[in-house]
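Dumping the structure here so I can ask a few things about it.
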Amino acid sequence: MPHPPRYDRLSVWLHWLMAALLLAQWALGWWMTGIAKDGTGARAWWFNLHKSLGLVLLALLALRLGWALLRPRVAALPQRPALQRLARGAHHALYALMLLVPLAGLLGSVFSGYPVRFFGLRLPLPGARWDAAKEWLSAAHHWSAWALLALVSLHVAAFAHHQFVLRERLLQRMA
């Protein structure tokens, strides 16, 4: 079966939905850490929203990975094998970080001693307060989120190079 020249609608939809949610998560994560612990519950509300969106991203990633195994692979761009391997490695790293960031955040929350809520619904997750694990996982969440932002920036720069310098019309593959 020949490789299609463009991505299917579900793949495109998942790509852009996840991109928008990831950008929202970075902005929210950066902003919410500055909210004071004033006893009003506002800080907890924003943190719970961040956790809920992270779980949505985790579910979308599972759907995206499952779909990627089922759909036909899109034709590779005509480039040197070394660049193809580099692009494939960068995509694998993107997927690994899209998995690591929410998992580290979720597990850090589990060990925080506070309940984990999904849009207000308390999730029955096992785990007791374990400060050392919570701190380590929170640091992993924080730094892997920055690594993901750096890789997404590289992804956008590579897109711009292929689209505007090499004129490979990548947007048509994702439309």
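Each residue, glycine too, has its Cβ placed from N, Cα and C.
When I checked TrEMBL for this same protein, it listed these features:
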DOMAIN    6-174  domain 'Cytochrome b561 bacterial/Ni-hydrogenase'
TRANSMEM  12-32  transmembrane segment
TRANSMEM  52-70  transmembrane segment
TRANSMEM  93-114  transmembrane segment
TRANSMEM  143-166  transmembrane segment
Tell me if the transmembrane segment (12-32) touches the transmembrane segment (143-166). I count contact as 3 or more CB pairs below 8 A, with pairs 6 or more residues apart.
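Since 3 or more Cβ pairs under 8 Å link them, the transmembrane segment (143-166) and the transmembrane segment (12-32) do come into contact.
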Under an 8 Å Cβ to Cβ limit, what residues of the same chain, 6 or more beyond the ends of the transmembrane segment (12-32), are close to it?
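Answer is 43, 46-47, 49-50, 53-54, 56-57, 60-61, 63-64, 67, 98, 145, 148-149, 152, 174-175.
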Which bits of the chain, at least 6 residues beyond where the transmembrane segment (52-70) starts or stops, bring a Cβ under 8 A of a Cβ in it?
10-11, 14-15, 17-18, 21-22, 24-25, 28, 95, 98-99, 101-103, 105-106, 117-119
Report the mean pLDDT of the predicted model across the domain 'Cytochrome b561 bacterial/Ni-hydrogenase' (6-174), rounded to a whole number.
95
